[in-house]
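Asker: The region 'Disordered' annotation in TrEMBL covers 1-27. Feature annotation from TrEMBL assigns transmembrane segment to 41-58, 70-89, 109-130, 142-162, 169-187, 193-213, 225-245, 257-283, 295-313, 319-338. Marked as domain 'Sugar phosphate transporter' by TrEMBL: 51-335.
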């Protein structure tokens, strides 16, 4: 058996950046502008967007084409498969859970590490519950519009937690994204205090969740796989209990297409993509930043809408919506440019 340092493993972290030259002044400039995106960070961002778009299509196929009654059960299946994949890959020593090059421990993670990462599981549960409830609170155009403002909440949370500041060019690109979102949803500005409150709560929990990934990822000694493992084994019992008391598991057992080959293939591919998506979220957030992860989420919406219209239809043409989506796409592209070249 080759030592772990000689085995090929999946990318889990970036090498630490060199210390800034010029003392505190250079450090302040780096904090203001943010670090430039590395090639590995760019691959992580593209991987996240690709997995996210494909996962939406497969989830849409399961929930709409097969009329599967419970999205919570699909999430439960995805989490179970993710933990199983991580267990097998770790047992076969194809991956490690620590951020170092070598991991010869017989334990997966220690109890102390689980306690240290418990805020990640808590923020994930808050994010998941708030997001599921927010979908029912407002109509789809307004939901998309309000969710685009998540980037503003994320920037605010990063400023509060780590004092991160941003250049004018980055702030300008984010403002263009938010403006485009409101243009896209301008025809549906019907005020619903409860629905708006839940969506903004979802934005806040999303921002806190992504910022927690970035923060704990740097202090826990775990890589992306280790963070996924801790998050999964702590959240899985809670989600299982939630689906049980809601009756979702009972409903699933009576689903007529539960053992249909086509549905099983869609469900399996959905679980595999969810595993890759979660990995790319952790990787993208730790290699880049929580704000970059949010921007990537906005950018992939363009491709999701286009592919959803091609495969599922049902989206009427709206000139304002198209203009708003284009503005959001341009804003996301400008942010990516400024991030890549450190502007």
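Just so it is clear, glycine is given a Cβ too, placed from its N, Cα and C backbone atoms.
Automatic, uncurated: that is what TrEMBL annotation is.
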Asker: Under 8 angstroms, Cβ to Cβ: which one of 70-89, 169-187, 193-213, 225-245, 319-338 has the largest number of such pairs with the transmembrane segment (109-130)?
Answerer: 225-245
Asker: Can we call the transmembrane segment (70-89) and the transmembrane segment (225-245) in contact, meaning three or more C-beta pairs below 8 angstroms at a sequence separation of 6+?
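Answerer: As far as Cβ distances go (cut-off 8 Å, pairs 6 or more apart), the transmembrane segment (70-89) and the transmembrane segment (225-245) touch.
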